[in-house]
Amino acid sequence: MSRKYFGTDGVRGKVGTFPITPDFAMRLGWAAGTVLASTGTKEVLIGKDTRISGYMLESAMEAGFSAAGVNVALIGPMPTPAVAYLASTFRADAGVVISASHNPFYDNGIKFFSNTGTKLNDAQELEIEALLEQALEHNALQCVASEKLGKVRRIDDAAGRYIEFCKGTFPNHLSLAGLKIVVDSAHGAAYHIAPNVYRELGAEVISINDKPNGVNINDHCGATHLDSLQSAVMIHEADLGIALDGDADRVMFVDHNGHVVDGDEILFILAQAAYQKGEMQGGVVGTLMSNLGLELALKGMDIPFVRAKVGDRYVVEQLKETGWQLGGEGSGHILSLKHASTGDGIVASLQVLKAVLESGKRLAELKAEMTKLPQVLINVRLTSGCADSILSKDSVKQAVIAAEEVLGNQGRVLLRKSGTEPLIRVMVESTDISLTQQQAEYIAQAVKVA
């Protein structure tokens, strides 16, 4: 059974347009509270990023949870992985994040974590959706008796607790003293956390894009827009730069030369560091979008590699199925189950810094030990029609077959719909950059006219 409201990363959309409305958020809070907090502490944590709409949706969710008899603990602007961690340590029944991650401020979303700090599975989301449908279609939101309504409280030391957790994933015998690091918080949820983590571990920190005003989150900054970080690293002659996205669940690096180090390269650096110390447990989980160069580099160390569906939730599922600990996506979602239950940009960055210090090499040198294959990704925005019907059209299928014949065994093609936006993503990868670009554009055009 397919999910109606939950995409690959919760519920997401444009603020003021269904389903990202106050009414929907209230009913979702009621349905989720009824399902997730039917036993246990009957309390949920709510965190958010810095979007102006977060206040509105937070209040609506509070009302829904209270109507279901569930208490709410507010932790304010907080990275998504912090909510996952704190939901577990506070013994809450669930954690709620109000964020649209790397999207612009006019989008927002709602996602849930279990009391173990993991994202909900498909069955749990379907159960919530079934109850939500009743509340939407039949106005069946049943408020508990007045004496059983949920209460709301604010937790003031949440940021400090999370900072200490992050620092605890970094070895005590190492220090960042002597490193100059530029940190780009994307005017997002980590603006008051990430710079302090690195400073408290000894680094000289230049903090940029750390002044959220409700509408500047991810605005030409952060992990999806690295130009300002690249410039800052060069201007300040820093050792490296670290970019987070709006909710700090993904991370990208810039080396001292101003060159980007993406999620695939981060996975390689972490896997190689573990391999060289004899600490590599199992293999690495990537996704269908992971660069073939990563797979080949890992193969050179006899490290197994498997591809999950795109989305960090599916990477986690594959990690648990295999019993492995390291996985992630090229976009910077890095999963290290040894340290955290979900993708954590700050924690992942600390593991990269550990690898840099222990190797005695610069980040650029570690990056250079993996050769990426040219990969072209074209996002085709849909103005009409649904992604599934377009992908099933013969003209699109024939374009893919033709491209695969041209590439032969020196490349691969992948088409997939976005789980969060009206897009079809066309990815082509091969050893020849001009051929890769040509075939990607050919397929993208077929999708546009389909």
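Placement of Cβ uses the backbone N, Cα and C atoms for every residue, glycine included.
As recorded in Swiss-Prot, the features of this protein are as follows:
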{"type": "ACT_SITE", "residues": "Ser101", "note": "active site, phosphoserine intermediate"}
{"type": "BINDING", "residues": "Ser101, Asp245, Asp247, Asp249", "note": "Mg(2+) binding site"}
{"type": "MOD_RES", "residues": "Ser101", "note": "phosphoserine"}
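On the structure: features taken from Swiss-Prot.
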residue : record                                  : CB count, 10 Å
Ser101  : active site, phosphoserine intermediate : 29
Asp245  : Mg(2+) binding site                     : 33
Asp247  : Mg(2+) binding site                     : 36
Asp249  : Mg(2+) binding site                     : 32
Rounded Cα separation (Å) that holds between Asp247 (Mg(2+) binding site) and Ser101 (active site, phosphoserine intermediate): 5
Between Ser101 (active site, phosphoserine intermediate) and Asp249 (Mg(2+) binding site): CA-CA distance (Å): 8
Between Asp245 (Mg(2+) binding site) and the residue listed as 'active site, phosphoserine intermediate', the C-alpha gap once rounded to whole angstrom: 7
Environment of Ser101, Asp245, Asp247, Asp249, the listed Mg(2+) site - residues of the same chain whose CB lies within 8 A of the CB centroid: Asp49, Pro79, Thr80, Ser99, His102, Gly188, Ala189, Ala223, Leu244, Gly246, Ala248, Arg250, Gly345
